[in-house]
Amino acid sequence: MYYRKMFRDLGANKVRYGIIFLVLAIGLMMVVGNVMASCNISDQMDRYFDDCKVESGEFVTLMKLSDDEVNELEDKGTQVQEQFYLDCDREDTTLRVFQNREAINKLKLISGHEAASDSELVVEKSYAEAHDLKLGDKLELHGTSYEICGIGTVPDYVSIKKNITDLNSDSKSFGLCFAADAAYDAIRDDLSGDEAEHLQYAYRITGDVIDDEIRDFVKNDTGTKLLSFVTKEDNGRITAYQADNETILSVSIMMGGMLAVLFAFILAVFAVHTINRDRVAIGTLYALGVGRAKVMQQYLLLPGLVLTAGGAAGLALGRILCGASIANSGASYSYPEIQHDFYPVSILYGLVLPVVLGVLINFLVLHGKLRKKPLDLIRGKKRSLRTPKLKLKKKKFISIYRIRQLMREKAIYILTFLGVFYVICIMMFAFTIYAAMNNYVENSTGHVKWNYMYVVNDLQDPQGNAETGVYEKAQASNVYSGKDTDVTILGIQEGSRYFDFDVDCEEDEILISDCAARKFAWKTGDKITLDNKEDGEKHSFTVKNIVPYDAGLFVFLPVNEMRAVYDLESDYDNVVFSEQEQESDDLGTILTTIRKSDIEESGHALMDSMMLTVIVMLCAAVIVFVAVLYLLLKQAMEKSSFGISIMQIFGYGQKEINRIFIHINTVLTAAAFLCAVFLGKPVIDQMYPNLVTDIDLGFDTGFSGGIYGLLALITAAAYGISMLLLKRRLNRMDYTEVLKNRE
């Protein structure tokens, strides 16, 4: 009997439950797909790092270490490997050439074999995909043609960044390749100047030594200068994918959980309506001795069935989406081949939690409704409606009826308001992602006045209108991630033509870019500590002012003050800003070159990588918006069908009825929109830095008027679709409804 009634109710309301099933399946599909993708990426990347012997850290020196120095370093409990490289130009891109690796950061081949002859190269996977390179293709470097013999990945370049501090990877303009010793030597002999060999070493700790001891030894006990030192944990090329992966996972679970709770309450509203409709039958069953638990089971079966079916469909579809999610992440990172394994935890998030939450919420809501006495149910005795004492006598009938309708169905309208507020917040979160990227692209290029920035060693004589200064790298503690993040310290000249602000700091004072202020939550007057991991020194400063400079995490000092703080010579300079490209002979040994065009291109690449996420979130939000409004307000109208029929009998036209049952929703939606703007947006702005801890930028998440206008337009369009569907349903009601409820 119970199952027959459940299927009758399901058949009678197939559109209603079909919509809930569809939206749940789509929402949980995204949760399950991202959960499975995250688990696969995390586990298989851990195995990949172990198999390929990922480094514990790396450092760059000005001159080669001697064999004795390498041996002494290894005696301390480390394994050291030369990872010298050459940066070569190829068709407006840069290819970084390494020798074949033997012990650390080993190459993981996807196809082909390692380079064995002086005419072969292995190309990194992302660069090969971006330039449509395949096995057997020819690749030309400095006039010499090489055959691509293999395609693969390496664990120290999961994020393909030319510089560790780069915003994001861009395989269209930068890639890696690996050559046999003879081919590498031939390429090196053809290069000079800023294309000269970079002396990088990778180390892997095998004993009790710690990173600081390795750094101190290279800095103080060798015959060369330490240019840079970074551990694996601080190397964004290796670790950036982890924070990105965790962020996607946590956001997916949070939004999926909220969606499941929202539709659980919607199902509870439907169940309450069904109980009110069936109250005579329920009272009769009680009078015949049927227990409350049996009746409760009957009304929990249908919500449980819909939630289970939606979760099962989401679980099955999530298996398919898993591959797309891995591929989407792989567009930003260089992964080896990731298998699409099934993880039992997906069942927990995609099926168990939604069903348990839904059944629990329905039980708590329905428990009170089923505690009435049999006679009260049979007679249809209702709880008296306690409404606030409002002075409504002087208002028109339509206004009075609308207010009474709002108070009578306040539970449905409150749930509708919360659902619309939640959906608009999702849309606002999507636009926050877009605004953050767009503001960075616009502001960074506007604030940067130089076209080239060169970090050099042994500065010579830069030409033209070049301007010199002092450059240092340091790290500061990030309150959002709890980890250290790289900061660039610039000592610049008074009245600099390349910076639109005065550096008038006193002793121990510093200026910070607004980008850094947002990233670290710094304010004027704060005491900040900058830790130079390369020399182990820490320096504390007081923030004097925040200056507009969105190009990165920069702090600024007067050049003379910076020389004094870092104990440098009075004429020491190691950075050059220029409008024109400089020749390497005029600069000295170029360690790093940063172009304004690179900043702009990386910003556009980051924005392009996030656009799919923005579009998917907006589309999903519109679907949920329409579903929530239609289902809940249709339920409110059906509960008021008797009143609607009476109004039709007394001659009220469709226009007046629409004003009561349709137009009230305009106020509801507008209120939810305003609450999302004034309450939801500040919360999203506070949350956003926690979601982008892997990106070394502090994003400006402010909206322009155009974005608010577009958000309002999308909200109005989704609302319009819902209202059209509701009007269609309302127009089908007629006065005969009142005859069905006669005594």
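Glycine residues also receive a Cβ, built from the backbone N, Cα and C atoms like all the rest.
Unlike curated entries, TrEMBL annotations are predicted automatically.
Straight from TrEMBL, the features:
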DOMAIN    254-365  domain 'ABC3 transporter permease C-terminal'
TRANSMEM  248-272  transmembrane segment
TRANSMEM  300-327  transmembrane segment
TRANSMEM  347-366  transmembrane segment
TRANSMEM  411-437  transmembrane segment
TRANSMEM  610-633  transmembrane segment
TRANSMEM  660-680  transmembrane segment
TRANSMEM  707-726  transmembrane segment
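When each of the listed stretches 300-327, 347-366, 707-726 is scored by C-beta pairs under 8 angstroms to the transmembrane segment (660-680), 707-726 comes out highest. Beyond the ends of the transmembrane segment (411-437), by six or more residues, the same chain brings 255, 258, 262, 265-266, 269, 603, 606-607, 610-611, 613-614, 617-618, 620-622, 624-625, 628-629, 632-633, 635-636, 639, 665, 668-669, 671-673, 675-677, 680-681, 684-685, 688, 692, 699-704, 707, 710-711, 714-715 to within a C-beta distance below 8 angstroms of the stretch. Counting residue by residue with DSSP, the domain 'ABC3 transporter permease C-terminal' (254-365) contains 93 helix, 0 strand, 19 coil.
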